Amino acid sequence: MNYLQYLAAILAVAPSVILAAPSSAQADGSPYAGVEPHVNKGYATKLEETIAYFNEQNDTLNAARTRTVQKIPTFAWVSNSAAISELKPLISDALAVQSRTGKKQIVQVVVYNLPDRDCSAKASDGEFHIVDDGLNKYKGFIDNIVAELSTEDADKLQFSLILEPDSLGNLITNMSVEKCAKAADAYREATSYAIAKLQRSNFALYLDAAHGGWLGWAANLEPSAKVFAEVLKGAQSINPSAKARGLAINVSNYNQYQAPVRENFTEWNDSWDEYHYLNNLIPHLEAAGFPAHFIVDQGRSGKAGIRTSWGQWCNIKNAGFGTRPTADQAVLNNENVDAIVWVKPGGESDGTSDVNAVRYDANCGSPVAHVPAPESGEWFNDYVVNLVKNAEPPLSPTYV
């Protein structure tokens, strides 16, 4: 049964299902207001290698700047079944911080494990495949995440959840790619299932909406909004009270929130930075009935002028850490934006530059890519060294 048949069958027995408006708590204020985003201790531990490198170079300033990065909140990624076990210690650590400081913690998590994941590229292919019952395995994966986030301890925290980076965007622009065309129904059904199940009062759920250089083109805005609304409606066919807070944009990418200068390669795209993208998308979301709230990844977006085309995405050379996570409207300057966040942990590779690797993607060996690079998700210390050096604004040092 394909996705449309699946949806029609459910709607036939639940004809009153419509796109529900968000609850008042979700609609009236940002989930980032009045809370403290949790600092991921696992990421901070990885940065010890970077600090050691700088100390070996007698570069005490950048070692101290890396210590500052250790205190910046980032998302934890659940990108395979084994990573689910990391949620319990993450929750325990957040509770300890909350108890010690008296500041309500919002724990930030990316769910990233669709069957036939990353269908338009090779670097991040995942553990589930449609031909091997991947859709049902993914549903079990989601059920296990829900169980870990539904404990008595988890209920004491807030959660910001991003669903499946680089997924729904493929349904807009990459249906000519055979793998994406074959995966489209599974992507829709799996995403709807995840939305339907990840519903608790302390969850804020954001679907991934790629970035301005992908979905921000004028011809892509309306179709994108319709796809987001359709998968939410599919979720409401399973769970009539299902809702989403909004969209996450620029995840793992390099676009700036408000670019100081328009780059030449953006000439024909009105969504030339993420601020323009979200403003261009808002009216289409409102027309489609999808909540127009955003979080914007700026983890590696500090430097402009490091690419020559939108399609360059892998381990871009000379990138720097970007605007620090904040929910301050003095910085955001847009009531539709809940927060600037750091989703991609800077220093985790986008993909390998080894041309003989099964998951090698040509983007990871391009002239603008930092090489040599390890497999996607593996620690890339040479890269994070440059993120520290090229941070914009520059990182303040933390000396010990």
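Backbone N, Cα and C atoms are what each Cβ position is placed from, and that goes for glycine too.
What TrEMBL records for 1-20 is signal peptide.
K344 (substrate binding site): 23 other CB atoms within 10 A of its CB, across all protein chains. As annotated by TrEMBL, substrate binding site applies to W77, H211, W214, N253, W313, K344, E348.
Sequence annotations record features per position, and here TrEMBL assigns active site to D118.
The active site, proton donor annotation in TrEMBL covers D166. Around D166 (active site, proton donor), the C-beta neighbours below 8 angstroms that are at least 6 residues distant in the chain are R117, D118, S120, A121, S124, D208, A210, V251, S252.
Counting every protein chain shown, 26 other Cβ atoms lie within 10 Å of the Cβ of D350 (active site, proton acceptor). Look at TrEMBL and you will find D350 tagged as active site, proton acceptor.
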Over the residue list W77, H211, W214, N253, W313, K344, E348, recorded for substrate, what is the maximum interresidue Cα distance in Å?
22
